[in-house]
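S.K.: Per TrEMBL, the features are:
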DOMAIN    21-136  domain 'BAH'
REGION    204-228  region 'Disordered'
COMPBIAS  210-219  compositional bias 'Low complexity'
ACT_SITE  Asp376  active site, charge relay system
ACT_SITE  His452  active site, charge relay system
ACT_SITE  Ser817  active site, charge relay system
Amino acid sequence: MEKTRPAKGEVDSYTIRGTNKVVKAGDCVLMRPSESNSAPYVARVEKIEVDNRNNVNVRVRWYYRPEESVGGRRQFHGAKELFLSDHYDIQSAHTIEGKCTVHTFKNYTRLGNVKPEDYYCRFEYKPASGAFLPDRVAVYCKCELPYNPDDLMIQCEECKDWIIQDNSCLLLVCKDWYHPACVDMTIEQAKQLDRFVCSEHTSEEDGQKPLNTPLNTPPANGKGISKAQAPEEVIRRSIADLFSIVQCREVQACEPVAFHQGAVSDEEGKRTFINSEAHAKHLVDSHDQFLQSTLDSGTYNKLYSFKNIVNGFAVHTTHSQVEKFKSAVGVKLVEKDRGAKLMTSYSPQFLRLPSVWTQQGGDKNAGEGIVIGFVDSGINPVHPSFAYDPLNPFTASNTSHFFGACEGGPLFPEISCNGKIISARFFSAGAQAAATLNPNVDIQSPYDAVGHGSHVASTAAGNFGVPVVVDGFFFGRASGMAPRARIAVYKAIYPTVGTLTDVLAAIDQAVLDGVDILTLSVGPDAPPEDTVTFLGAFDIFLLSAHKAGVFVVQAVGNQGPGPYTVVSYSPWAVGVAACNTDRTYPGTLILGNGQKIGGVGLSGPSFGNGLVQYKLVLAKDAIKANGTFPRTPQYVEECQYPEALDPTVVHGSVVICTFSSGFYNGTSNLTAIIETAKVLGFMGFVLVANPSYGDFIAEPIPFSVPGIMIPRTSDAQIISQYYEQQTQRDDQGVVIRYSGRAAIGEGRIASYIERAPVVSRFSSRGPDYIDQKRNPADVLKPDILAPGHQIWAAWSPMSVLNPILSGYSFALISGTSMATPHIAGIAALIKQNNPLWSPSMIASAMSTTTTNHDNRGEPIMAEGFAAYTLYRAAPFGFGAGLVDPIRALDPGLVFSTGYEDYLNFLCSLPNTDPEKIRIATGGTCAASFSTPSDLNQPSVTITALSGMRMTQRVVKNVASKPETYLCALLPPKGVTIKVDPPWFTLAPEETQTLEIRFVVNQVLDDFSFGEIVLTGSLNHIIRMPVSVLPISL
């Protein structure tokens, strides 16, 4: 008779082996680690069950320590801090070593009462939103316990340290916070404080009580610090780098250097500065005098004096001090610092640049005499893309308008400025005030520890024909768009932090140095607060650079494909969107039955070049049966930890790793798979899509071992079906025989048949907007489209933010940061060919000569939210269209816009106070446009068209011969367009005013798009995109 087994079921409790401690559901426990020298794992028990064999198992939810979270996506401070993950697992109850307490905000105790088994949890991960909750800034009291949202914390305003740097003193304001109880104070007493100074920083002369004085009246802004504001709002204000732009009563004395009476324009329209040093000193002295007379001594640290294109300064201080100079006489604008972030071997051929180079004397002359400035993460000075060629020396007279400097430092000796790199500076005062920098990566010199700045600079102006070799494989030759242009480096972004303060200081210096083109593949990470987007400090600096004759090009951002995501707002800067080229790097997985599955992987083939096949193993089937590691997807499916896999099974095999929750939430990465493959001797790896998570986006990354990504679930299912057919299992599902075979094919050979251009998914979209509420503006953004997807260019071997690219001198990466230098380099070629052209004329030449069709002759498409989906693109995705360098050199007509026109544009903005315009720019609103759409741009955007509107454009013939133009119209849906005159003839340098009439014939709830096309008798074609939202008849 068969023995009866007890039924499987849930039990209420479990007694930990060898102890009398009882564990129940909801308790937190310490679990045995996989390595004896590691700290125990922490988990929360969800359920306790007994199986049919009387084995006791627990279902747990894991807590992770910060160091166990790959990527470090939140700043952690406490040594015993955890976060609650979304990873559940079933473990043997015998692996429980003890109980512990995980304190939340609601139940933590003072540090003196903390026991060894006590931990703290601030965050719970929510996979549905990809966020941590509660998502709060971490504030720790001096007692080392965190902020409790039911309480209040106060900050000492005098906690500061002095350090000596370059023979000057810098004041670093600390962020020491206190629970009221820790300074013998009640919450109500703390709320009444106007100012608090801790006992550590109170001198005997001052005494503590007079400084910690209660409020008799509300503070100047009418607000007190309450628990509704604390702590993140308090921190945000207290550590903000704030700057003010100062206006004197004697306007001439307060003009920045570039626009002072001593500054004149040279014969090419660039500003040159006479007696600038004396005036600059005057401005710096005025800033110092203002701060000394307005703020309390010892409460601030001036980071920069802006004196070249804007008269102002950046200061690091507290909120209470900010209130003092907000209303001071002479202050024009006060703005809180926002964070700043970083936003080819083939793209010259894709854009047909060799034909352009031929017109300018070949690649050895293309861009000669033009200086391109790069505000970015620095440059790798030893890279061959930036080498000096003694056989083709530069001519000094060609850049006589430029006066730079070479600021040496670690990894960047002064000889790094070799002629190709004509100047190099770095700016870090803002970064040092905002965070504690790591000297190993936040290098205090122009050296690029990231790679981003080197990539951008070489894309625009890298030397011609530099061999691209990665892992011993030759991928082709890389060239910049203007390979003969000079490079001026302005490092303002660091691995630890990027601040707008440093970016503005870099822009200010670059314009004074005399750059022709300013490249900004960096920018603010959010629109400005309490002002329109066009009047934020960043955009005011760009307007001043434009006024000084500098062509400014800016990345639109990588927040696509949703609408209203651009971070390039103003018409005086060219915002660049990103697209692909027709080149791809297809990879192949060859199964034992002959099937070939396409994928992505920039790696060599498995041994035998696909002819020899190897055992195919699913990682989940190769898990060590008796391993004590957590049964989480990172260990079980994603090949992140070699200790989880049985080396006797996976060695010499092609191993299938599965995209699961770790990759989905960003805690897993390809670097870990590669390391696992190396340690255990995989013949190759395959990362397959998971039906539970859908298709994923795969970008070709160099793999140092054979590997391929299969990003589509349909292909992954084919692999799974083959694997299961060829794999034998026992009754328990354990594999007893692996009969499946596979090989990885060559993945480094380029194919040139892809549809292109296609607007990249990540590329930010319009419409442009005027404020934080995303009210649309009558400006077309993006302005233009350029290659920014999978671009080969120079890199830094340090690659501190991208470990998978560590050790490489070239990288294949994507972003609008990669598209932006394409436009910068092409602008340099146009500037070389037309040295007298203004920045707006250069921008117009590129805009009106673009194409809005792809290589198949069809309208440009765009990637959507879902992986591998396309839809028809619109100007809010590609601007005017894909840049065409050949046609841009000879545009026929241009739309020219000057500084006064931009002032008129600002004055015409709805609900904008003219006084704010005057304060921000120094200009007046005497001749405002009727509407913002009257600005003479090479496009027309109307965000709220009611009935009928008239606007006009002025074109200028920049060709060498007279030409007759005929107007053709492709009106947007819901609107009729009429242009007067319908045709016209212009001699060289003559202008023509075009009256454009829009009439609504159908009300729509979204924008519609069209264009106005001017076709010349000498084959010039000028395209003007039209974007209209008709709201009433």
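Each position is counted from 1, following the chain as shown.
Using the three backbone atoms N, Cα and C, a Cβ is placed for every residue, glycine included.
How about a rundown of where these features are and what they're close to?
M.R.: The average per-residue pLDDT of the prediction over the domain 'BAH' (21-136) is 71, rounded to a whole number.
Within 10 Å of the Cβ of Asp376 (active site, charge relay system) there are 30 other Cβ atoms, across all protein chains.
The Cβ of His452 (active site, charge relay system) has 27 neighbouring Cβ atoms from other residues within 10 Å, across all protein chains displayed.
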S.K.: Let me check the 10 A CB neighbour count of Ser817 (active site, charge relay system). How many other CB atoms are there?
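M.R.: For Ser817 (active site, charge relay system), the count of other Cβ atoms within 10 Å is 29.
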S.K.: Round to a whole number and give the Cα-to-Cα distance in Å for the pair Asp376 (active site, charge relay system) and His452 (active site, charge relay system).
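M.R.: So the Cα of His452 (active site, charge relay system) lies 7 Å away from that of Asp376 (active site, charge relay system).
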